[in-house]
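Student: What follows is a structure written as structure tokens; I'll ask about it next.
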Amino acid sequence: MKLGPGKKAPDEINVFIEIPMGSNIKYEYDEEEDIIKVDRVLYTSMVYPFNYGFIPETLEEDGDPLDVLVLGNYSLMPGTVIEARPIGMIYMRDEEGEDAKVIAVPRNKTDPSFSNINDVKDLPEAIRNKIVHFFEHYKELEPNKWVKISGWGSVAEAKERIKKAIERKKQG
């Protein structure tokens, strides 16, 4: 994939969408094959509350690109890219270790509906609760899988995480 993290990263980022809002299928981008594959159907009767993907040309310590949940009122097709603004982080661990995710909203030019949201603290409590509930429960029926949420991070923490993930990828 030739797409980078975004010309204005970490303030605005490219997010490659793997999983559309409302899907109960976990898709994953296979970098080697350059295709999106079905990883699995969620075992729980849940759907992704928002569009989910990653920032291209980033690398987390677990060897994967930095994950992003993009808030919105519409479902995006897998394989599309949306320019988004990070507004914070959700810190979590799963059976494989730390698995934090950036929380983002579409950039104002793409969708001005979120122009007043600059930090996860600005989100209605109901939306924060929906995100936590999804990630706490979406793996519950899968053998030997679990998730533990440890809290929220600010927009500054998200931008720092993005910078580090970009640098880690550049260093190889």
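In case you wondered, yes, glycine gets a Cβ from its N, Cα and C as well.
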Student: Among D30, D99, D111, which is the one Swiss-Prot gives for the Mg(2+) 1 site where D62, D67 also bind?
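Tutor: Swiss-Prot lists D62, D67 binding Mg(2+) 1, and from D30, D99, D111 it also lists D99.
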Student: For the substrate site (K26, R40, Y52, Y138), what does the 8 A shell look like? I mean other same-chain residues with CB within 8 A of the CB centroid.
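Tutor: What remains near the Cβ centre is I19, S23, N24, I25, Y27, D39, L42, Y48.
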Student: For D62 (Mg(2+) 1 binding site), which residues of its chain lie six or more apart in sequence with Cβ-Cβ distance below 8 Å?
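Tutor: Sequence-distant Cβ neighbours: E96, G97, E98, D99.
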Student: How many Å lie between the Cα of Y52 (substrate binding site) and the Cα of D67 (Mg(2+) 1 binding site)?
Tutor: 7
